[in-house]
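A.B. asks: The coiled coil feature in TrEMBL is assigned to 37-106. Taken from TrEMBL, the feature region 'Disordered' applies to 268-287, 311-379. Residues or ranges marked as compositional bias 'Low complexity' in TrEMBL: 277-287, 325-346. The feature compositional bias 'Polar residues' is assigned by TrEMBL to 314-324, 353-373.
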Amino acid sequence: MEKLRTKTKLMITCVGVIAVFAVGGGVYANSQSKQKIEDAQKVVDKERGTLRDITKELHKLLDSKDNEFLAKDVTSEKIKELQDEFDQATKKVSSISIDLKKLNRETYASEETDTKELLEKIEKNYAAQNAVNKLYQFDDKSMALNGSKVTKDLAIADDLKKGPIQLVRIDFLQDKNQTTFDKVISELVMNAENQLKQINSAKQAVNKVFKEDKVISTDTKLYEIAKVETEKIKNTKTKKALNEQLEKVKAAIDKKVAETEKKQAEVKEEAAVDQSQQQQNVVATADTQAATDQGAAASADYTGAGGNVDTGGYVSQGNADTNYQQPQNQAPAQQETPVTTPQQPADNGGNGSSHVDMSDIQGSEDNPLSGGTTEWGGW
């Protein structure tokens, strides 16, 4: 009986000890759990503050007047820095093993979402701005889009193809509800497309006069069309290359024109020489005829003092007839030899000699038909 009581007391004591340890262990465990929750909450609160700081920095990357645009001179390094800070903050919170329902993280979750969306918007706008700027010539001082500043008169990039332009459309212009920023991107894409079309149009025009490194046509009209189309190009490199080809075409045209003008000048010169020769011939003929006429007029004597016979063509200089015409040269009338009929000598009165009249002797000065000679030949 005594042993039974002792055993019962021992069991009661053990149960009490166990109960004490159980209660103590529960209290300790509960204390440890509360401590973990408090520590986790401190982490959440701290990272929520980090998110607020990140959000403030992100807002500095947006234009102050229109937050659809980035601020000027935003860099990818700055965006990456804020992205890394955001990742670290969210990683610390996600590493907490305590049931998040026990934590006061509703405010944190909301701020995390807002910061993430703002960061994604900035990253997307920066990517769009960077992509559209690569379609154009740009440097640190001048670019198609820098924040809210838009420059539409820049030349497109050297050797730009259609592919990169299409990628910008696909990657950034699929949303039907376009923002102001999206509309600007769309306009710059269209501008690049138009410049590329102009380059292709100019190349086609140039290919009609210059192809495969040689001039294939000297048609002035085709050259002028190609020249006009080339001058519309804004890209310096492409414009220079096409103008160098057109210079060769122009040289060929000028050479052809010079050859044509030379031939025309030669033909004109030959015609002038022929005309001058004809004029000289006419003048020489006229001079010869005049000299002939003058010589004939000088040899003709129509005054009656000489031996020439007036054939009727001479008009006296004293004649008042106003219809006087220059007498035409006429050959002198052929002088006929006078015929003298022999006469029987007259009787000399029987003295045996004949009486001769001097006027009857041919060649005598007293014979008017003798021709006036003074020679006497005798009988």
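Every residue, even glycine, has its Cβ placed from backbone N, Cα and C.
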A.B. asks: By DSSP, what is the split of the region 'Disordered' (268-287) into helix, strand and coil residues?
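C.D. replies: So the counts come to 20 helix, 0 strand, 0 coil.
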A.B. asks: Calculate the per-residue pLDDT averaged over the coiled coil (37-106) and state the result as an integer.
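C.D. replies: For the coiled coil (37-106), the model's average pLDDT rounds to 89.
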